[in-house]
Every structure is written in C-alpha cells, then in structure tokens.
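Per TrEMBL, the features are as follows:
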type     : residues      : note
DOMAIN   : 18-146        : domain 'Beta-hexosaminidase eukaryotic type N-terminal'
DISULFID : Cys47-Cys100  : disulfide bond
DOMAIN   : 170-347       : domain 'Glycoside hydrolase family 20 catalytic'
DISULFID : Cys278-Cys334 : disulfide bond
ACT_SITE : Glu326        : active site, proton donor
DISULFID : Cys477-Cys495 : disulfide bond
Amino acid sequence: MNVHGQWPDPYKKTYGAIWPLPQNIQNSSKIWSIDPKNFKIESDYQCDIITNAIDRYTKRLFPISNKRLKISKLKQNPQNALGAAKDQLGALHINILIACPSGFPPYNMDESYELDVTQKKAILSANEVRFTSIVWGALRGLESFSHMVYYNKTSGYQIRAEIVKDFPRFPHRGVLLDTSRHFLSVNALKGNIDLMAQNKFNVFHWHMTDTESCPYSSRVLPKLDHGAYDDKHKYTIEEITDVIAYARLRGIRVIPEFDSPAHVGSWGKGYPNILAKCYAEGFIIDSFKSSILDPTKDETWDFLETLFREVYQIFPDEFIHIGGDEAYYWSEPCWKNNKNISDFMKEIFESGAQLMNSIIQVWQGNTYRERMEYMRRITDAGIFAILSSCWYLNDIASLRDWIIFYHCDPAEFDGSEAQKKLVLGGEAALWGEWVDETNIFARLWPRASAVAERLWSPSNFTTSAINSWPRLYEMQCRMVSRGFSVQPGFGPGFCDIEHHITLPV
C-alpha cells in the first residue's frame, strides 16, 4: 500500500523498459548518455523499409526538444555534460545481410533480432535467416531500442548498456478493427497501425463490411457500396492500397474480412437477389430482414467469385477472412425453413467437404474452459487456430480489465505438442458498435498492450499483471509522448510528457 491507496504508485513506473517483455535480456548497471544532436541511426544496406524506419525512429527517439534538454542540463547537472565521449553512445548500426523484400510481410516472417548496447556504437542484428528476409526483425529491434532510450531530468537522454535477444512466441498477433458499425478514416487506421507496431503486433485484421454498412468501393461490383452509410463513408481502392503500403513499412500484414455468409445485409442494398428469403410456417416473412446469402443461386456464386477475385488482387496477404459469424441467427428462418436451401445444404454435407489450407479463429465460448475446449477440438482435427474470444476490447468490465487479459493463454488446453504447434496466436478485437474515431485510441490502448505482451513474450513470465504494470505504465506514457490520446490504465497518476488538447478555432 502506498499514498495512492489501491492504485499503483506512478513514481514506481519503469524507465527504459522494453515492451513487450523480451525473451532474453542481459541487464547491466552501466548507463550511456545520448546527445540527440549528434546521435545517428545508420545502416550499410538501404531500402525503402529501412530508410523509412531510420527517419521515423530518429524523430521518435527524442520527444523532448533539444532546447528544453539543454536548459534542463545546465540548470540541474552542468558537471555531467552530455559531451563526455567515454560515457556517450554515438550511434545505432543496423546490421542487415539480406536484401529488403520488394513484397509484403508474409505470415511466417522472421521477427527475431539482437541488440547489443555495450559498446559506444550499438549494434542491431537480425541475421538468423529462418524463413524470409530479416528486415522484419530489424523493425522490431528498432522499436525495442526506442523503448530503451529514456529521459533523465538531471542527466538528459540515457540508455542502459544491455544485450537483448528477442523473438515472438506466436507468429500471429493481431488487432481487429470494425469499420462497418462506425466508419474509421484512413488516418485513424494509420494511427492504429503505428500503435500496433509500437506494441509489436503484426496483423491488422480489417473487418471491413457487415450488415450495418459496406464501405468498400468495388470497381467490379459498382453497386456494392450502395450499402455504405453515405458517399463520405467509403474506402476507395487507392485508399485501401495506401493503408496496406503504410502497414508494410511497419512490418504489419493487412488481412481483410468480408463477413459471410451471414452479416451481409448491406450487400443486399445493391444486390438484393443474392440474399436468402426467410420463411415461417411455409410463408415468406416480409418483416424479417434477411442478412444471409442464398447459396442455391448461381448469381450468388458469381457475385462471390467476382468480389473475391478483386479482393485477392488488392490485398497481398496469403489469407483473407470470410467471417462465418452468427450464421445460426438467420439459418433457422432463412435456410432451414427455406426448402430449396435446406435440400442444397444436405447435398453439401453428404459430400464430406473438408477445410483445406484454412485457419479457424475462435471467438466463441463464454468461459475460459469453453474457449480452451474449442481450441482443443480444432487443433485435434489438424487445423490451425487463432484465439480472440478472451480479448474483446469493446467490452469494458473496468478500465483496468487489462489485468485479466494476462489470464488467457491460447495454448493452455489439454492437447499434444503437435496440437500446440497448430496454435498460431491470437487477436485483440475491437468491435465498432460503440467505437468511432473519437474514442478508438483510448478504448484500445493501453489495454491491447497487455494482449501484445501475452502473445509475444515467454508464457511463464507474462501471467501476472503485478509484475507487468510498472512497464505498462511506462508504455502508456510512451504512447502519450508520441502524440496518441490513449487512456489511463492505472487510476490516478501522471506522465512526464502529457498530451494536451488543442481547442478548435
């Protein structure tokens, strides 16, 4: 207990701690000073990903201006001037041995890296070539280095002389954003992608369409965006490719979701014939709004083929998400009571069709035991699985519910080692019924940061919020110092650099 009572003491937050917790870190008592005017990030190999990252992190490392730093130094501790070469870190060198990819981050990207800050020139290496180009690991290492740099009010910018060897526990660490219930601008999406990179997430799961609206402007299905709220709430192909390119530079995959066969009511605004007719006691229910596809019509399959051919051309990722959510809600009146469709479905099931090259995302289960049982059953069938039902961030039990996010482990079910290897990771889901551009960052962060750590860091070190909160407090303040209006996660407290509201003129 402290003077803050039940709340964590803000004076006990860490300085220079990496988020998420690295796999291995060799601590040191030695501390380097850093002069922002002379420090540089360099690399022998240049490409757009590295050049962009160097520029981005050079600006991000020192949020306090040089002028303010200089005044603070002279007043508080002039005898330890930052120019002392024997104690000063002069540069970070990025050691890359393989050419940067011209393509996009793959699902099996290598994100491992090493950071050695024990010499006057720090070295960032990402040279263990396990799958593809190691540039993705360099991005994660740059982010970690930026976390290690902190501001001492009496001594200026500093960094501990540590060695970090790091890699993610799971290859799929995602955040789902819903742009159907509330439209989110391209800038809002990019801002969230930035925050994802800062927390080492690597998948932006874009739940683009749903029953409420379809903001996707298709070139080949020009009436599809008739389901948008209005002309200002649509994404053009150019805007979508801009978001994908922005994510690529940060090592983040973009997986689109076009939820089907249910949740497609907005598609019917432009193409009503693809929706199933719904029945009760043999009569069509005019009052029941169908939001599920009619799989017996050739028109439906032509529509889907046309749509997904275009989607595959626009989105470079190996996977797309087809939803499959809550079909049961419409299946009774619209499929089971529709004789044509029920007969068609019997044919499909009797054919014994199997899932091929698929991943199942688990967002079912009201209890932890139920969620783990879903994961066990899916992996027992030899299918890859991703868990998200533990981490619905649109549901708020309290502003400190991030604590319980540590209690969930996607691989904590009774199963063989072969089954555990089929667990690809998980996602934090932010459904959009009560989220728009005014509160997206605050609703998501730093709560999603806890999910990021659970998916990246060693499982035995990330089961307790008690051990993590001093570092998460620093991470919250770090995001604030970078200009993002994230919410307080710890009750009363403060950040060294606060985010101030600018009133409109």
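Numbering starts at 1 and runs along the chain as displayed.
Heads up, the Cβ atoms here are built off N, Cα and C, so glycines get one too.
Residue pair Cys278 (disulfide bond) / Cys477 (disulfide bond) shows a Cα separation of 52 Å.
When the alpha carbons of Cys100 (disulfide bond) and Cys477 (disulfide bond) are compared, the span between them is 32 angstrom. When the Cα atoms are compared, Cys495 (disulfide bond) and Cys334 (disulfide bond) turn out to be 54 Å apart. The disulfide-bonded residues recorded for this entry are Cys47, Cys334, Cys477, and the Cα of Cys334 lies nearest to that of the residue listed as 'active site, proton donor'. Cys477 (disulfide bond) sits 50 Å from Cys334 (disulfide bond), taking the Cα positions as reference. Confidence annotation: the domain 'Glycoside hydrolase family 20 catalytic' (170-347) carries a mean pLDDT of 91 in the model. DSSP classifies Cys47 (disulfide bond) as coil under the three-state reduction. Comparing Cys47 (disulfide bond) with Cys334 (disulfide bond), their Cα atoms are 53 Å apart once rounded.
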